[in-house]
Amino acid sequence: MVAMAEAEAGVAVEVRGLPPAVPDELLTLYFENRRRSGGGPVLSWQRLGCGGVLTFREPADAERVLAQADHELHGAQLSLRPAPPRAPARLLLQGLPPGTTPQRLEQHVQALLRASGLPVQPCCALASPRPDRALVQLPKPLSEADVRVLEEQAQNLGLEGTLVSLARVPQARAVRVVGDGASVDLLLLELYLENERRSGGGPLEDLQRLPGPLGTVASFQQWQVAERVLQQEHRLQGSELSLVPHYDILEPEELAENTSGGDHPSTQGPRATKHALLRTGGLVTALQGAGTVTMGSGEEPGQSGASLRTGPMVQGRGIMTTGSGQEPGQSGTSLRTGPMGSLGQAEQVSSMPMGSLEHEGLVSLRPVGLQEQEGPMSLGPVGSAGPVETSKGLLGQEGLVEIAMDSPEQEGLVGPMEITMGSLEKAGPVSPGCVKLAGQEGLVEMVLLMEPGAMRFLQLYHEDLLAGLGDVALLPLEGPDMTGFRLCGAQASCQAAEEFLRSLLGSISCHVLCLEHPGSARFLLGPEGQHLLQGLEAQFQCVFGTERLATATLDTGLEEVDPTEALPVLPGNAHTLWTPDSTGGDQEDVSLEEVRELLATLEGLDLDGEDWLPRELEEEGPQEQPEEEVTPGHEEEEPVAPSTVAPRWLEEEAALQLALHRSLEPQGQVAEQEEAAALRQALTLSLLEQPPLEAEEPPDGGTDGKAQLVVHSAFEQDVEELDRALRAALEVHVQEETVGPWRRTLPAELRARLERCHGVSVALRGDCTILRGFGAHPARAARHLVALLAGPWDQSLAFPLAASGPTLAGQTLKGPWNNLERLAENTGEFQEVVRAFYDTLDAARSSIRVVRVERVSHPLLQQQYELYRERLLQRCERRPVEQVLYHGTTAPAVPDICAHGFNRSFCGRNATVYGKGVYFARRASLSVQDRYSPPNADGHKAVFVARVLTGDYGQGRRGLRAPPLRGPGHVLLRYDSAVDCICQPSIFVIFHDTQALPTHLITCEHVPRASPDDPSGLPGRSPDT
């Protein structure tokens, strides 16, 4: 539960007061429109009754939406507040067949758990006022992944022939008193629930009694209070109170329909009247009081009608009258708020019978341009005719009202409108997509599509002209598939507005600028690049479009982990290289320095001021500028190569002693050192290999490897001057690194691979190599090049980079690149792997049969893995740093994993909930699901057993491309992996390809049931397949 709260904190918003007629697409478009609502991209939307939970992708978008005072949609005033976190142990089931008993519902949930491979646990079906919907409470929380699996399984496993949908719900803000406690006096119940010492409760927001035996609903101002009340036992007046969580979606349909129009028909007490009047006032505010507003309440006998006036109207005098539809003997009440003297005289506020409204027209829309154009707005009784259903076809009509009454910056787009709606019994229901309009026939919608840059240009530099279209509603379309404007209004007006917009588009020119610098796309999409483009837009009155740069960036951004950080570098700020005739690798250099220091000590030489050992790369900070770091104690000194200080005789003597020492070493140890050096060299070369998916596209997008930037500007704008200014601005941010001197010519293939891998330009200047690019990429490329050129090279091979990675490494290792060795069933290794596999299958144990087990051998990947493991052992706080996990995959991906390990280009395609990495499961029951390991034509499934370096892990979330950031002040920047739940992780996500090592491949298949006589789960000998 804590992990879920952390994942949703600041991005989930609770929406209330939403009419059922509002389509989900309209609501998401509204909250994704930054100018209208202050929001941004919406991650998910879940409707719950007359509201729901809206989850934004960025916390800043949610903050802006909550900070905006008013949100009006479809004529209703929406109420927003931060949403409670998800209830991890509570499920909502919808679409239950009639007569479903609680016991049958509990059995169905347990069947879903069993079919999903999750631990079966007892559950409790809670009393529900709606027969086709119910809540189920579990004793143990479920993770996000578990709930998603249950949701999918519910689509396949029905209840008595009916498909029952399953959904998550947030923590409850309201509780319902059921049973004998529902008849307790409301005032006594209110005082009890607000008494924190007696009930654990707090301030109430509302208290209402549902009809009949459905119970009494108490809504708290804070969800934490409601959940605290549910955890306690309650007694009042000697009777035990039974409380269950309550949501609006559980209320019967007739109550939900009446509630959508405003106040609840069964609401009691002063709070109910107050909230109903506030909701009614929201409608008046939305219409800005243009004309007279008359509403029928549709109340039952004995209830009182209420009318509200909320201050001065915009166009002249306004009267709002609430007709109660009362029988004789009923009374009406009036409430007047706001300054009365502002209109010069007091307005009439009265109640009137609904019969006087029956002769009004159905719907009329007309602009109110003069004060004497006044007219009533009438809404028929909600209870008698039901709610007015509105579909997407009425979106133009919604825009006419909403945009005219939106935020101050959009005033003037459309003139104030006056709406008159007559009795619904007289006119009949409104059909979706078709509305007859009195006085304004032919209301139409038009869509004008354009490029995103052209749309932004119109919004930025022609805002006054757009605002002048007073008789047409203009709704921006900013979706991923289409961009442009939706025009709503009279047909003649829309056609004129469309021609006007097309003429504006004709005055805009579009150009494509090719960027010469490698890595420009990645830089311009970053914060510094965006700031640079904004400055140029303001200077040249233009708009830059970065849509063609989106595919130009590599998979790892500037803020993510540097794959070259494990490569050794030599001391000093310059990138110094070894000479080609060097006789050893890193270990060789260290041994020579040790011998030299020992001889210097014996001779009494003072060599304390020199750095003799290679410095390990320190952990990079957020700026990722390791080239600026210096060794403590030597900040003011320039590094000097050891060979220029030590006397010649000392170097010769040290080399002689080292040669004598190595002549005494066993040949096997020398062979091991040579193999280790070859593995390190292969590791360095493997960083140049591109994943298959990335290799298909040019690294910088566009043609000829150049990034393309789209610019929209006025025709009179000098594009060449803009191009020169852009190039000059980019040149300021270009970083340069020098590697060398190097006696050989750098091969063209090596230069090309470095440019593609790091997004830099590589040029030769004498015997030095110059690397130019943006940010930390030149420094990374320099470290990579130093590691490539360091150590002994076979003179005959030179640089065989044109060959593929596996072929090169296979030649270096003098053996096969990968090997799958089938294990015999009678071996201990086979039995151990199968036993551990079956121990984690849970409910799927009886339905899975192991076909064969193969050992995966990969010497290079194992060496890389061990190096990574040693590094984690030194710095990780959590133990163990390594775990044995499972990874289900498809049959076509098996050869790639065996050859390259768990590469993100062909792994991690089934899930991105906790990040864009490679997913592993603690229990095999998750990996054997068809979603993760679909069977091939023979019915065989592939599940890898892997050693995974989980290290210190943090909470995963959607969109991560690197492990989550640690807390401020920590010596390390990021965690090592991500998980689904910090407390009890069941899913691990890694972001380094060398962080996991496949050890065994288990081929299994589904069977109706396993033989109970076979302890290994194999009903006989495995087939030879």
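Any Cβ shown, glycine's included, is placed from N, Cα and C.
Straight from Swiss-Prot, the features:
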| type | residues | note |
| --- | --- | --- |
| MOD_RES | T101 | phosphothreonine |
| MOD_RES | E106 | ADP-ribosyl glutamic acid |
| MOD_RES | K140 | N6-(ADP-ribosyl)lysine |
| REGION | 318-346 | region 'Disordered' |
| MOD_RES | S378 | phosphoserine |
| MOD_RES | S423 | phosphoserine |
| MOD_RES | S431 | phosphoserine |
| REGION | 569-589 | region 'Disordered' |
| REGION | 617-644 | region 'Disordered' |
| MOTIF | 650-667 | motif 'Ubiquitin-interacting' |
| MOD_RES | S663 | phosphoserine |
| MOTIF | 673-690 | motif 'Ubiquitin-interacting' |
| REGION | 700-907 | region 'Myc binding' |
| DOMAIN | 806-1025 | domain 'PARP catalytic' |
| MOTIF | 831-838 | motif 'PIP-box' |
| MOD_RES | E882 | ADP-ribosyl glutamic acid |
| MOD_RES | K916 | N6-acetyllysine |
| MOD_RES | K916 | N6-(ADP-ribosyl)lysine |
| REGION | 1006-1025 | region 'Disordered' |
| MOD_RES | S1011 | phosphoserine |
Item to check | Nearest recorded site to K140 (N6-(ADP-ribosyl)lysine) by CA-CA distance, among modified residues T101, E106, E882, K916 | outcome: E106
Checklist outcome for this item: Least crowded of the modified residues K140, K916, counting other Cβ atoms within 10 Å of each Cβ, is K140
Checklist entry - Between the modified residues T101, E106, E882, where is the Cβ count within 10 Å the lowest? => result T101
Checklist entry - Once the DSSP letters are reduced so that anything not helix or strand counts as coil, what is E106 (ADP-ribosyl glutamic acid)? => result helix
